[in-house]
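Visitor: Here's a structure for you.
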Amino acid sequence: MQASSSHEPARLKRTLGLPSVLLFGLAYMAPLIVYGTYGVLAKASDDTAALAYLLALVAIAFTALSYGKLARLYPAAGSAYTYTRRTFNPHLGFMIGWATLLDYFFLPMVIWLIGAAYLNAAFPHVPTWIWIVAFIVLTSGLNIVGIELAARFNIVLMVVQLAIVAMFVVLCWHYASAAAGPGGIAMAEPFFKPHVPFGATMAGAAIAAYSYLGFDAVSTLTEETIDPKKNMPRAILLIALIGGAIFVIAAYTMQLAHPGVDFKDTDSAAFEVAKMIGGDLFVTVFLAGLILAQFASGISAQASVGRLLYAMGRDEILPKRIFGFIHPRFKTPAINIALAGVVGLIALKLDVATSTSFINFGAFLAFTAVNLCVIRLYLSGNHGERRIGVFGGLVFPAIGAVSDIWLLVSLEKTALVLGVVWFALGLVYLCWITRLFRQAPPEVAI
């Protein structure tokens, strides 16, 4: 008996309960990001940022339900790519993976751009491009050397972010109450502005969705989660709802304290509001927390790009000699990490609104695919151990898919053009590696 047990495959120990998974998910989402993009969101939505976050939450919540169902059915998968590959076919799965590759490439760039914009607001004599280059050089160097942030540090950082968000909300409310005088605060105004066209609010919601990215990331922790078929669907939905509540409340109180979109620089609007409501002390605390969060997120995002490109090179989807290269000393995908840094230099010519739209194109396609996967499984009768009802298998994912497509078409035209071109390039590449679909594309472990 003992001899046979020694040959059993090693498995990850299941130690994570629902609270632990929630903390990991919220840490990955980075709650403080709501302030990093507030200015561009307020401008795009014509000062209906809170409503834009609420509309984005509707799409995200229904998509989270679909992720939960797929996580229960495919407990070892964990990405839109693998869900689509298993539910539909390898070719469509490849195209969804190709679309999300755009997210991976541009996410570090957006993180560095937001951080640079806020540092420029604090130190206007230092040009934004210097901060961008500094972020790229420092994070690239750390990733090539192979320094990783401990999970415990990410949890502590998340708690710090929540504390700063709470302070920001309280100070905004106090400032708005004092400014309103005897008449009181116009409580409903941030949500109801009849003169604002719905299309403007949807354009804002398309940007607001950037803050929600990462709600599904905990699905990769399935093998370490206690009772994953029960806890993982709950965790994914709760992370989306808790994150959404934070974003809506933060945007709502910001609108109360600073009605309108008249900012010195929309890319760093929250810096201006923080100084207005809390003075130099609070703006220093806010800036330190935001930059620390952006720096940590940048390291993780760039490392993810490196790992993904390495996996594609290792499996010979991309040229193995380049993308499958591992640095002999540091044992990291150095070329891929450096490439992500070079792509980040595009931030020198972009603003926050356009760059976030680039990311959301791939995300909305992936979210739509996840909802369609649930619909296909329902219609085919493949429900797994637990039967899926008509609402959970058809109505809710249909609402999620339509909402995601609506957000997709609400993106900036530049982002739509780039996304379509990228998707077309992926289709051409797929035709080449599969010899015009005569064979299945290689599978990548993502």
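Just so you know, glycine gets a Cβ as well, placed from its N, Cα and C.
Unlike curated entries, TrEMBL annotations are predicted automatically.
Quick caveat, the model's predicted, so the values are computed rather than measured.
Under the heading transmembrane segment, TrEMBL lists 21-38, 50-71, 92-114, 126-146, 153-176, 196-215, 235-254, 281-312, 333-352, 358-379, 388-409, 415-433. Residues annotated as domain 'Amino acid permease/ SLC12A' in TrEMBL: 33-375.
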Visitor: Residue list, the transmembrane segment (333-352) vs rest of chain: Cβ under 8 Å, 6 or more residues beyond ends.
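Guide: For the transmembrane segment (333-352), the list is 36-37, 39-40, 105-106, 108-110, 112-114, 116-117, 129, 132-133, 135-137, 139-140, 143-144, 266-267, 302-303, 305-307, 309-310, 313, 322-323, 325-327.
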Visitor: May I ask whether the transmembrane segment (415-433) has at least three C-beta pairs under 8 Å with the transmembrane segment (21-38), counting pairs 6 or more apart in sequence?
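Guide: Result for the transmembrane segment (21-38) with the transmembrane segment (415-433) is no.
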Visitor: Applying the under-8 angstroms CB criterion, which one of 50-71, 388-409, 415-433 scores highest with the transmembrane segment (235-254)?
Guide: 50-71
Visitor: Tally Cβ pairs under 8 Å between the transmembrane segment (126-146) and each listed stretch (50-71, 92-114, 153-176, 196-215, 281-312), then give the stretch with the top tally.
Guide: 281-312
Visitor: Could you give the residue numbers and ranges of same-chain residues that sit at least 6 residues beyond the transmembrane segment (50-71) on either side and whose C-beta is under 8 angstroms from one of its C-beta atoms?
Guide: 34, 41, 44, 77-78, 83, 87, 190-191, 201-202, 204-209, 211-212, 215-216, 219, 222, 228, 232-234, 236-237, 239-241, 244, 247-248, 251-252, 255, 367, 370-371, 373-374, 377, 388, 392-393, 396-397, 399-400, 403-404, 406-407
Visitor: List, by number or range, the same-chain residues at least 6 past the transmembrane segment (415-433) whose CB is under 8 A from its CB atoms?
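Guide: Here the qualifying positions are 91, 94-95, 98-99, 102, 317, 354, 357-358, 360-362, 365, 408-409, 441-442.
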Visitor: Same chain, outside the transmembrane segment (153-176) by at least 6, Cβ under 8 Å from its Cβ: which residues?
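Guide: Non-local partners: 23-24, 26-28, 30-32, 34-35, 185, 246, 249-250, 253-254, 256-257, 273-274, 276-278, 282, 285-286, 289-290, 292-293, 296.
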Visitor: Roughly where does the domain 'Amino acid permease/ SLC12A' (33-375) sit in mean pLDDT, to the nearest integer?
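Guide: The answer is 89, the mean pLDDT of the model over that range.
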Visitor: Can you say which of 92-114, 196-215, 358-379, 388-409 has the most Cβ pairs under 8 Å with the transmembrane segment (281-312)?
Guide: 92-114
